[in-house]
Amino acid sequence: MHLRLISWLFIILNFMEYIGSQNASRGRRQRRMHPNVSQGCQGGCATCSDYNGCLSCKPRLFFALERIGMKQIGVCLSSCPSGYYGTRYPDINKCTKCKADCDTCFNKNFCTKCKSGFYLHLGKCLDNCPEGLEANNHTMECVSIVHCEVSEWNPWSPCTKKGKTCGFKRGTETRVREIIQHPSAKGNLCPPTNETRKCTVQRKKCQKGERGKKGRERKRKKPNKGESKEAIPDSKSLESSKEIPEQRENKQQQKKRKVQDKQKSVSVSTVH
């Protein structure tokens, strides 16, 4: 009877030892799969189990649940991972998941970075930016609309024509201004940055090499004093050259008649 009890006790002890070795090997496999799990309550874990990992953490560390396959295990971290925010309680410091549209957050109601397709505005993730704001597709934030800003006009340039400041009566002058702030996508466009207007060139003699083309042409066309009268025909000769031959004959006949009439009048006076 005593021998039978001893044998049963021996069998039970061996069976318990076998179960313990299986659990230990399973815990080692889980720790190899996830390096953040503290091994045997070492590192950040205050209390732990081989199956569930950390159950509580040492002071100032955050407790978080991480999924491995179909189960979750407890880990102790110095800071919460991306997509989680840390909350400190008297008995535990806990990592809590951010909202579904938030990539990183400061707390439950304040997001610091949104997921793709959303724009950040005052800690919230929005599909579209509010009125008066526009979306910045680089930072994925709602920003203020920026309008164009320009500087004051520079002084007018000297009055010139064809690059010359003399030799002409009329010319043009220009002035410019610079763009200080370029507009954003919805901002007001920039006004013109240059202006041109007509002006009067100052009366002054052109220095050598500054005379305009018209001045040089006038100088070449100007006739000499001696040949001015000979070269230019008078108005009477021009009129006579334009007359038709029949008109010339009529004028000559009229002159002859006048001469004959004068002769007759002279002869009559002598007879009396």
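Glycine too: its Cβ is placed from the backbone N, Cα and C atoms.
What Swiss-Prot says about this one:
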COMPBIAS  213-223  compositional bias 'Basic residues'
COMPBIAS  224-252  compositional bias 'Basic and acidic residues'
DISULFID  CYS41-CYS48  disulfide bond
DISULFID  CYS45-CYS54  disulfide bond
DISULFID  CYS57-CYS76  disulfide bond
DISULFID  CYS80-CYS95  disulfide bond
DISULFID  CYS98-CYS105  disulfide bond
DISULFID  CYS102-CYS111  disulfide bond
DISULFID  CYS114-CYS125  disulfide bond
DISULFID  CYS129-CYS142  disulfide bond
DISULFID  CYS148-CYS190  disulfide bond
DISULFID  CYS159-CYS166  disulfide bond
DISULFID  CYS199-CYS206  disulfide bond
DOMAIN    147-207  domain 'TSP type-1'
REPEAT    35-86  repeat 'FU 1'
REPEAT    92-135  repeat 'FU 2'
SIGNAL    1-21  signal peptide
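Annotated features taken from Swiss-Prot, shown on the structure.
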residue : record         : Cβ neighbours (10 Å)
CYS45   : disulfide bond : 23
CYS54   : disulfide bond : 26
CYS105  : disulfide bond : 23
CYS111  : disulfide bond : 24
CYS125  : disulfide bond : 21
CYS129  : disulfide bond : 18
CYS142  : disulfide bond : 19
CYS166  : disulfide bond : 18
CYS190  : disulfide bond : 16
CYS199  : disulfide bond : 17
Give, as a single whole number between 0 and 100, the mean pLDDT over the repeat 'FU 2' (92-135).
93
What disulfide-bonded residues among CYS54, CYS57, CYS80, CYS95, CYS111, CYS159 are found with a C-alpha within 10 angstroms of that of CYS48 (disulfide bond)?
CYS54, CYS57
Restricting the comparison to the disulfide-bonded residues CYS57, CYS95, CYS111, CYS142, CYS159, which residue's C-alpha is spatially nearest the C-alpha of CYS45 (disulfide bond)?
CYS57
Assigned element (helix, strand, coil) containing CYS95 (disulfide bond), judged by DSSP:
strand
Taking 10 A as the limit, how many CB atoms besides its own sit near the CB of CYS98 (disulfide bond)?
24
Can you name the residues of this chain that are 6 or more positions from CYS95 (disulfide bond) yet have a C-beta less than 8 Å from its C-beta?
PHE62, PHE63, ALA64, LEU77, CYS80, PRO81, TYR84, TYR85, GLY86, THR87
Within the repeat 'FU 1' (35-86), how many residues are helix, strand or coil going by DSSP?
3 helix, 27 strand, 22 coil
How many Å separate the Cα atoms of CYS98 (disulfide bond) and CYS206 (disulfide bond)?
80
Around the C-beta of CYS159 (disulfide bond), how many further C-beta atoms are within 10 angstroms, looking at every protein chain?
18
Using Cβ atoms only, which residues of the same chain lie under 8 Å from CYS114 (disulfide bond) while being at least 6 residues apart in sequence?
ASP101, CYS102, ASP103, LEU120, CYS125, MET140
